[in-house]
Structures are given as structure tokens and as C-alpha cells.
């Protein structure tokens, strides 16, 4: 099968030809990237570039074809509406002229699938790090589920906003990478909430640091060390939550050597496999559109021209995945004497649990020391405070702050992830409402951080928690728990409803669930889509 792919979601006009029947992967890519005269991407100028460049790159690729085209695939979204409309129109016209099926591809799923295709991985977690996006995906029940994502700006856009502030031309990522090699680490805000992250505060702090006279190279080093450590930590949390041992990287920011090195080091430390496609498949390109288009066409996932409207807000979890096998069971570490979590090694001894936050080789030493120390102290305090509020938690038996080690009572028989029930989920709703009324959050209440026994449901691992009276923070706690249900449970909708019912009954304020709706709408591409 030969598939012609067309890509043009934002700034890169690209066409590609993929021959699925070739002895070795054969992908011919022709791209023409838009380069603004100054500042960032202007939607109107980008669309004008697409209008001129798309016909040219398609013509070049068609000239390289040595046989008939069997299908046309195009990036249906997400992206800039004016650019997507040009790409969609070109793809429809081409499919009709060639009298072949049309395939509408989700741009972000294509970033994931090109890594899965090239690596041969079966059940990977995917970290997508691109201009407008940053999210972690895993396959579950016929869809790629969003386990975590940016709650404001994309990682690449945050970098570009910083570089525009210092007067550098788009794209900013390569310039930050170059300057960071000569810089010293500068501390910047580190914001991870469960498996979600925020980059707007880091970007603002980086601008302020430059304005205050900190050398630009030092700020660039701080940006890389902070932002990429956040991405790597969340990817590791996703591996731990799902029990998977394969990670693929997608998106243009993935071309950064430091980010790839961090992810590779993290995976090596936990015995997981890692794959990053070659750079031409990481940045926006039609090759990944053609490869996924071939898989979708072979599975019959084509669309009539009349139903092929673009969707500028096309989320990856909206795509029905029909082209791959069902998921295989994840490895169950429950019986292991030593368990490797996302940020700590847990050793079981009699009725005790010894939790050690060992140094993370992928993080800068100063950042790593700060996170390990602060999280150890907070976990001990908040675990005890929650217990005083009446929430079942382990007894804290010993804390060694310099060694970042806590000894706790061993509680429960299983993680909630492996023993889900409406009653236990309702208990989590009551527990979170109680600690929120007490003035603090858990910070990472996933189904791996809840232990269950015959009669009680325990909250554990408060290392990302903190004291706060902000309704927004309480809503984020609820959001993190619900995301973990969606990523691991077959009947997630019913369990989410049970959780929210119990939370609403127990909480002193009714504002948290209202704010939760606002938080859910803040993820990438949640607004009404632009279609045409």
C-alpha cells in the first residue's frame, strides 16, 4: 500500500509518500517550513505560506512515486484553523482526483504512532512534547488516554515566548539548547501536579531572571534542566501508574539532546525501553501522517469527503483506535520485595515500608537535592496531618531527611489500581474532601497512591502535597485522581461519578467540583473546535 500524507497544522508544509509493502520502511518526505520575519507564528502569514507551499511539496513527492497511490492521509487537527483548512482542501481534491480513500489523522496520535511503529513496542507510554502541547498518553480500551498534560501553554511555546523576550527569532528551541551548553544552572519554579504540569510560571520567571541581570546562558540552562526534568518525572509517573516498561517520545521539542538524554537515563534506571525517532520524524512532518494513514486505511478507518471537516481542537483521546491489537496485561509488581516507584524505591520488611528517594541521575544535582529533601519532609508532615484529620494513612515511624528516607507502617493488601470498586473510590472522595477541609492537598492522588484492605482505604505518598486554602488546588487534586481512573479503569465513567458524589457529600464547600469543571476545560484543545 502506498499512502500520500499531507501535513500542515501550524508552520511546516509537508508531504510524504510511504510504501507499506517495501522490504524496508520507505518514507519520502518533502517539507517547507514557514519562517516569520520576526516574533512568533502569525496564523494569517502561516496560512499564506501553506497556500503556496502545499501544492509544491505534494508535486515533488508525487514526482518521486514509482507506482499508484492507494490512499491520501492528511492532518485533520489539532492546529491552526486557517492552515488546516488549506491542507484539508488539498487532500480532499487529491483523493477525489486519484479516486482513492481519504484518511483523517490526528496529528498528536501520529507523533505517538511513528515512535511505536519504528520501535516495535507493543504497549508504550508516549510523551508528546511539541510547540503547543505537552502530554502523556497510554492506550486503554480502544483509545489513547491522556494521563497528564500541560494545564496552560505548551512546552515549545513557552520556550519560544522566552526567546522572543530576549530578541531571538523563531524557532527558539535550538537557540536555548545552544546557549544552555555554556550556562550554569539557575533555579526556576518546578510545577508538577500529579501527572500534569504548568509552564507559564517558569517562562515568566525566566523572563524576570534575564531582566534582573542573570546571564542568558544560565537562564537557558535553568529552563532546560527544570522543564525537561518535569517532563521526565511525569513520564516516569505514567510508567509506574500503568505498569508499562516502554516509552516513546514524540514532538519537535524531542529533538533536544538534553531531553532525550534525561528520558533515556530514567528508563535505564527503571529497566524500561526507550525510543526517540530520528529528528525528521520528531518535528512536524508528513511522514508520520502517511505511516499512520496506511495503518488506518488497512483497518478500514477511512472517511467520506463529506465527513472530513478539520478539527482545530482535535484531542488524541477522541480518536477511536481500530488499527492495533488490544492491550496486553502489564507487569504486576505487587509481590516484589522491592518496588521501583516513580520517585522512590520501596522496600518491604515485616510490617514496615522503607521508602528511599534515591538521587535521580537525570536531574541536575541542585534540583534533585531540593526536590528529594522537600518532598521527604512534606510527606512525613502531611501523612501525619491527614491521620490527625481522621483519614486512614500509614504511621510514620522514622524520617531521615539527609538520606531522603521514610519508614512507614505497611498498610493495605493491594493498590487501588488493582482492586477498584465504587465503594473504595467513594472512600477516596471522602478522604480528599477531609484533607481539603483541613487546608492541604495530597498532590498526587492516583490509583497507585491509594492502598486498600478488607475494611479500609488508605491514602499514601503525600510527597507532592502542600498546605493551601485555594479551591483551585483542591480541584486539581480531584482532577489528578479522575485522570488516573480514566487511564487505568474499564468502567471509569461510573467510578468518576461515585468519587464525585462522595466528595460532594463530605466536602464543606460546594465550590470545588465547580472549579473542577473549569480545570478540565483548561487542558489542551478543550474548547469548541473550529471545523471546515
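Cβ atoms are placed via backbone N, Cα and C, with glycine included.
Not measured: the values here are computed from a predicted model.
Positions annotated as region 'Kae1' by Swiss-Prot: 1-323.
Summarising the annotation, Swiss-Prot assigns Fe cation binding site to 107, 111, 284. Counting every protein chain shown, 31 other Cβ atoms lie within 10 Å of the Cβ of residue 111 (Fe cation binding site). In the three-state DSSP reading, residue 111 (Fe cation binding site) counts as helix.
Annotated L-threonylcarbamoyladenylate binding site per Swiss-Prot: 128, 129, 130, 131, 132, 160, 173, 177, 256, in sequence order. A coil conformation is recorded for residue 132 (L-threonylcarbamoyladenylate binding site) in the three-state DSSP classification, outside any helix or strand.
What Swiss-Prot records for 329-532 is domain 'Protein kinase'. Residues belonging to the domain 'Protein kinase' (329-532) score a mean pLDDT of 90 in the model.
A simple way to gauge crowding: the CB of residue 344 (ATP binding site) has 22 other CB atoms within 10 angstroms, across all the protein chains here. For the recorded site, residue 344 (ATP binding site), the DSSP three-state label reads coil. What Swiss-Prot records for 338, 339, 340, 341, 342, 343, 344, 345, 346, 355 is ATP binding site, and it gives sequence analysis as the kind of evidence.
All protein chains included, residue 444 (active site, proton acceptor) registers 24 other Cβ atoms within 10 Å of its own Cβ. Annotation comment: Swiss-Prot describes 444 as active site, proton acceptor.
Put simply, of the recorded positions 128, 132, 284, 444, the one whose Cα is nearest the Cα of residue 344 (ATP binding site) is 444. For the recorded site, residue 173 (L-threonylcarbamoyladenylate binding site), the DSSP three-state label reads helix.
When the C-alpha distances from residue 284 (Fe cation binding site) to the recorded positions 128, 130, 342, 444 are tabulated, the minimum falls on 130. Around the Cβ of residue 128 (L-threonylcarbamoyladenylate binding site), the number of neighbouring Cβ atoms within 10 Å comes to 29.
Take the mean position of the Cβ atoms of 107, 111, 284, the recorded Fe cation site; other residues of that chain with a Cβ within 8 Å of it are 7, 9, 75, 108, 110, 130, 250, 251, 252, 285, 288, 289. Of all the binding-site residues in the list 107, 111, 128, 173, 256, the shortest Cα-Cα distance to residue 346 (ATP binding site) is found for 128. Residue 130 (L-threonylcarbamoyladenylate binding site) is surrounded by 24 other CB atoms, counting those within 10 A of its CB over all protein chains shown. Take 128, 129, 130, 131, 132, 160, 173, 177, 256, the residues named in the record as contacts for L-threonylcarbamoyladenylate: the widest Cα to Cα gap among them comes to 18 Å.
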